[in-house]
Amino acid sequence: MSSVAVLTPESFAEHRSGLKDQEMTDQAHQSLRHHPECTPSIPYIDVSLTVFHVPLEERRYKDNSQFGEGEEAKVCLDIMQRTGAHIELSLAKDQGLSIMVTGKLESVMKARKEIVARLQTQASATVAIPKEHHRFVIGKNGEKLQELELKTATKIAIPRPDDPSANIRITGTKEGIEKARHEILLISAEQDKRAVERLCLEKAFHPFIAGAHNRLVQELSQETGARISIPPPSLPRDEIVITGEKEAVALALSRIRAIYDDKKRKTTTISVEVKKSQHKYIIGPKGNTLQEILETTGVSVEMPPLDSGSETIILRGEPDKLGPALTQVYAKAKSVMVVEVTAPAWLHRFIIGKKGQNIGRITQQLPRVHIEFTDGEERISLEGPTAEVEQAQAQIQEIIKDLVSTHTLSQSVINRIKEQYKVSVRIPQDSERSGLVRIEGDPKGVQLARRELIEMVQRMENERTKDLIVEQKLHRSIIGQKGEKIKEVRDKFPEVIINFPDPSQKSDIVQLRGPKNEVEKCGKFLQKIIADLIENSFSLSVPIFKQFHKNIIGKGGANIKKIREETNTKIDLPTENSNSEMIVITGKKSNCEAARDRILSIQRELANIKEAEVAIPARLHNSLIGSKGCLVRSIMEDCSGVHIHFPSEGSGSDKVTIRGPVGEVEKAKKQLLQLAEEKQVNNFTAELQAKPEYHKFLIGRGGANIRRVRDKTGARIIFPSPDDTEQELITIVGKEEAVRQAQKELECLVKNLDDVVEDSMVVDVRHHRHFVCRRGQVLRELAEEYGGVAVSFPRTGANSQRVTLKGAKDCAEAAKKRIQEIVEDLESQVSVEVAIPQRYHRAIMGPKGCRIQLITREHEVQIKFPERDDSQEAPPQENGDVSPEAEFVAPKCDIITIAGRAEKCEPAKAALLALVPITEDVEVSYELHRYIIGQKGSGIRKMMEEYEVNIWVPQPEKQLDVIKVTGLVANMVRAKQGLLDRVKELQAEQADRALRSFKVILSVDPKFHPKIIGRKGAVISQIRKDHDVSIQFPDKGDEQQDAIVILGYERNVEEASQAIQQLVAEWQEMVSRDVHLDPRTHARIIGARGKAIRKLMEEFKVDIRFPQPGSDEPDKVAVTGLPEAVDNAIDHLLNLEEEYMLSVTETETLAAYMKPPSRYGGGGGAGVDDSSGGPAKGFVVLDAPWNAAGNKAPDMSSAEDFPTFGMGVAPKQASAWGPKKF
């Protein structure tokens, strides 16, 4: 070795030169190995060490001028800091790099992986293993894959489950790639030895196979060594999966079948009805109760799903054990009882009691009873053992009975009356049998409290309950999202209580309770809402071709949103995965029809769609549609892409609309008229039963078989759709003779299909993979197409060419013939290479490979793209001018391979070349570029998605007047035209913007600015709206405080300016005068919430300002307006003052009489001097009885010591002659 670089965070500076004494390093290591006791601080027992070599040609950094100081040193230091490992670098004579990593095992593995990735050049390779083995390479939660990557210091990329590729890509060093490839192939080879069996058994017998608490299946797994997976009860699947070694799987399979056969032979069932609310107690926590019944009696209890309305429970087991199991089921069902007690919501807190005293007594006495109060609802739920729940129910009902009798008048209302009017209110006990309520206190307070209580009683007597019948499906619409709509109703009618039934009750009754008049008004209001909902619930289905749904939605949902808003309808489109083409429109009938026309017009613009109308008598419509639409559906299936629309029943219209591609519309029209003629002349219908798996074979490839029967007999044969409940029912329609003949032909075919035979054929081993790959997709297609025929290929490695077919004779023969055709296709396949630059490959593939998938389906070929090579740059091609006869030799990364029949490869090749994009320049002024791009690129994204092209806008600093458009030739014309149209729109907007920028500065005294703005901006908003202008007022810090800026069209600006000047002129004519009004009358003049003063200002067209509280002149009121109006307003105010002052004087006189006598002022006696400010001199009583020991002076303010009679307190008198008159 020429030099050593030992890199640690502490000694990095010391070793920058890269030179270190080799002997010292070796001696130190020898010392550490032989004398570990000398280094107690370094526990070498826990340290792992690994050494590996990086050849010169694989080194990423090859500059050796300053070894230990360059990028390699920085990378190593970074890795050490991140992983905690210790790294030593050595440079060999051949300039290769030796690396030694020490530290904890986990740190060493992580450091090694990072060193290889960052210091060594990376290569890549692929390894192909069966797709079903990929999950074993990944391992549980990806642990196996992580372990493999650490172990081999590579990056392993496994294709996603939905990717058909079976290739696993490995990236790393050559040595690491070889190790990883070896490990992956070992995992795959191990899985080849394993077997998987899927056993479909009735779901009802799964509990017997699993056993109580899954003990039986666990024992089976331990005994056989196979892994057995039984779907949980909540999953509606009957497939049991067994995996493991072949012998173990076979043994487990036989044991499970034996259990199943035994239970099926011995067991029987009984059904019982149990209330749905009790089901959860039979199931028990996590299903434990069901498992206990199975364990003790050997009987399986089958419960209906919790979301279904069924109350039927099925018990399955041996007859002699069903009795004990049924007893246990009933016992568990009755072990817990749920009861609801009705109680007004306002009574709940009294039932609970202070700090829970009342309810606490019940729960302490009956601890197993759970009592739940629901806020805002008039019910209390009790749950627990039956006997205890009944006791708790009786106790709560007794409490409610007592409370209702004593709380007929709400206690909260009584407490409020007591506090508000300072009175005492006594409500008699129920035992007194008295309706007299006693109120004591100040006379005025007593009168007010009495009046409020009487009003409350009258209101309670006036209360009524009304039931509205509303379809339950409308309840959610009335309530609204998060209860928003019903909240508006409740706010509008706050005195009415609206109760909706629980959804589980399936009741249509909505209850209203409150004052009679309010209930009636609320009822009418709700009925109006319901009528609107019913009117808006009209529904219309519009058939639109699936490929146009995205155009109807528009960019970001713009189109569909616009149609919804303008037509006020709800429009629902099917999901992407759905095969349905129906768009459902909901709303008012007229609005739905308008939305339908808008949607259909979009489709007509996008495709060559023809619409034809056929006149067929309305009486024949139902018979032409057929049972569940089977007849009209058969015509639509026969004429692909056609939709037939019959008028609504009862409309009396004879017009039937046919919409679709031109040729198919004519074909459908002819068939429909022919069917109508048959219905009028002679109509006969027959039905035939056939297994659903036979249907495809009876129809034949492309409908060949069924077409032959139709042509021969003249009858129409209709097969059920996937949505029909009767999947075995085939309907034959036509003349009786033709129907009988077609029925006979079909019965003969079905009979032949029922005769099961077993046949075999020879298929070359090299073609087997084509049939069994992709989880046997080809075999599944054969089974579906040829009446469920079972095709079995020999297992991998059996070296057998014999293929077995089992099924109906005709089906087996047809399947055999089809397999031979497939084999011939495989043997006659050729490969064609197409040279297309690598940079176009992604565009050719399309989103998620959709374009390539379309070509492979249409031309029945396989297309393989090369591995991407970023190191090679392909020569530039202009406008997709790509030809395989090019003079230069295309690199491998540009070669696309097409495999298939020779006659189909050439069209596929032409289709591929047609997908190569071209680029064209469009002249667009640089100033318009930012508008074309739009906010955050929204404008340009919309155009690219709409026209399916790529649009490149040059950088702003270049200031070029060109925009490049790249895309397919078919899309380029539309894209260029769309771009030019957008440019015209922007130019028009620029011109309009210039016209709108006319500006006028108006000078207005700042004191008028608040008036121009108006209250909450009302005046200025109206001016802006009327004249379509922008009006800006100066900010506080501006120099020109009188400048108002108006922007807009010249004419509009001038009109707005005139309007403002006219307002200012009117205000300049106004005068402001002060009037002095007694402050005691201000409140009366202003009125409740300013209502009176606002009315007065509107009447006299003036502005009236009252003084603020605490003002120096509290009686000064300012009146502003035109001189004549101000004078009239002042006169009116003075008249009001005079009127209100009479009332004020009278009130104060009465108040003076009502005041109690002064303690120190004389209650009479003219000689008392009231002029003195100080209190009257008192006197002292000595040696009074109450001063003796043990006695207490009486309380002068106590009602017990000094009771009062009648009014009690004498009115206070200012003098012997009564109050002074004003």
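The count begins at 1 with the first shown residue.
A Cβ is built for glycine as well, from the same backbone N, Cα and C atoms used for every other residue.
Between the stretches 1-29, 436-464, 697-725, 1103-1131, TrEMBL puts its region 'Disordered' entry on 1-29. Beyond the ends of the coiled coil (732-759), by six or more residues, the same chain brings 626, 631, 675, 678, 681-688, 690-691, 694, 697-698, 705, 709-710, 712-718, 787, 804-813, 816 to within a C-beta distance below 8 angstroms of the stretch. Each of 266-334, 536-604, 1069-1138 was scored by its Cβ pairs under 8 Å to the domain 'K Homology' (918-984), and the highest score goes to 536-604. Look at the domain 'K Homology' (996-1065): DSSP puts its residues at 38 helix, 15 strand, 17 coil. Across all of the domain 'K Homology' (121-189), the predicted model scores a mean pLDDT of 84. Helix first, then strand, then coil: DSSP counts for the domain 'K Homology' (682-751) stand at 37 helix, 15 strand, 18 coil.
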